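Copied over from TrEMBL:
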- 17-171: domain 'BAH' (DOMAIN)
- 172-283: domain 'ELM2' (DOMAIN)
- 290-342: domain 'SANT' (DOMAIN)
Amino acid sequence: MNCMVKSCEHRASLIFYSVVFTDYVYFENSSSNPYLIRRIEELNKTANGNVEAKVVCLFRRRDISGNLNTLADSNSDNVPGADTMDDIKNGEFEEESKQPALSEQQKHQLKHRELFLSRQFESLPATHIRGKCNVTLLNETDVLASYLEKEDCFFYSLVFDPVQKTLLADQGEIRVGSKYQAEIPEKLAEGESDNRVQEKLETKVWDPNNQLKDAQIDQFLVVARAVGTFARALDCSSSIRQPSLHMSAAAASRDITLFHAMDTLQKNNYDLAKAMSTLVPQGGPVLCRDEMEEWSASEAMLFEEALEKYGKDFNDIRQDFLPWKSLASVVQFYYMWKTTDRYIQQKRLKAAEADSKLKQVYIPTYTKPNPNQIMVPGTKPGMNGAAGFQKGLSCESCHTAQSPQWYAWGPPNMQCRLCASCWIYWKKYGGLKTPTQLEGEVQGMSPFTRNEGRAKLLAKNRQTFILQTTKLTRIARRVCEDILQPRRAARRPYASINANAVKAECMIRLPKATKTPQKSKLVPRQSLASIVKDLGKNMSCDQHSFNNTHISNCCFCHLCTAVIVD
């Protein structure tokens, strides 16, 4: 299958669909597993002529652990019209909600439509694209049942981090309701005075009805710029960053200097003489610098790298790249950085790079038979256990016994199969139409999760291991026996022991301990044969009656069980 159309005749013989960047598409990486859902970010042509897609990964519920699934259910406070996932399951919604009641099957299928966005990128060949789908951010006005009515329609509300194994909300909560509205005070009547303390409500920073004329204010602003330029000439760090006079003058002409000048006028009651003396105190001229001057060149490069990776997600930019900067500083630097020539230059480079990349490719419909097709008369046998199925088996999902085509599904030894309709549903949505016990085991075979079901299905043998303690641990058992209390610990096998505290106490006591080796006390023990013989004789006794009390008290209960079996 080729990605690019090479001739009109080839176009006429096949059905094509167009794929452009920012499209959500299905990718097939396994003939038996569900499709991967990815968002195309770039389409690149390789040296050998093939087309690769740089994609953003989206994950299903089957791809994350059970703990994160529980966390996703608890996060359903953001689900429109429901307080918790239990409210959805029980059909209990708020009075303002317009969510219809969902059946158990609809609730089951709705989980198949939920995805988790991530910031993980990967490159996949365009030949593995199997179709297009629609993924939207869950909105508070969306009706959940509408996603089940549309084909190839998914939603997401959480972001999954495959490295940290965490789920985070992708958007803030829109607070709607009377409890989130501002309380507007009553309007003052005519002649009624406002008794509120205005200084506590707001801070006055400029009085438009001052005694100065506009020309005088402009002259004062020019003086403030000149003082700022002179202050940068005296400052050693500023002279390194702005080695020329025009660069210092440009830095002194930014908003931070003008704001400082106008604030100085306000504080001095618009007295030009006092304001002039405030600009140049006895210690020297006042130097006001904004974020563009405070940031170093290396910090600016880190910011540009972070902006390329995370976009305008300033929280992640600060957390991963600039933790020593405040969030306000990062935001201010971004909007100042957008006014520089550096931003314009990068914007032009990105536009030129985008023009050189592929905008659109045509993908022919995939028509090759699936290896999981069960053998029918006149066709070749399938793979993955698809051959040799028993006759009369029904569909594992819809339980129908008639289908034009059957597909092997699940572990080969189970000989489960799906009809053609349920197989398409499985490939697209990663689950069965109706909940079954076997579906949970098959979902455990996802390449992104590990659980007991996966090990059980793959029949992996457990490897033996040995726990070998260090010399310090063995010494600590003897020196700190009063703290460790081994007999008491043996009776409580599930109680945790603070090994670090025991070792620390051992290091304190060790120099004071006796240098002579302690003599071990030899306790005579009976042989195993004599113990089994005694247990066999006392089987009829009341104290060895095999009930729950004996099993919890007798330390040889496994031997007692062996005697009964024999």
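Positions of Cβ are set from backbone N, Cα and C atoms, glycine also.
Automatic, uncurated: that is what TrEMBL annotation is.
Note that this is a predicted model, so its numbers are computed, not measured.
Mean pLDDT for the domain 'ELM2' (172-283) in the predicted structure: 81.
Helix, strand and coil counts under DSSP for the domain 'ELM2' (172-283) come to 63 helix, 0 strand, 49 coil.
Counting residues of the domain 'SANT' (290-342) by DSSP class, helix then strand then coil, yields 38 helix, 0 strand, 15 coil.
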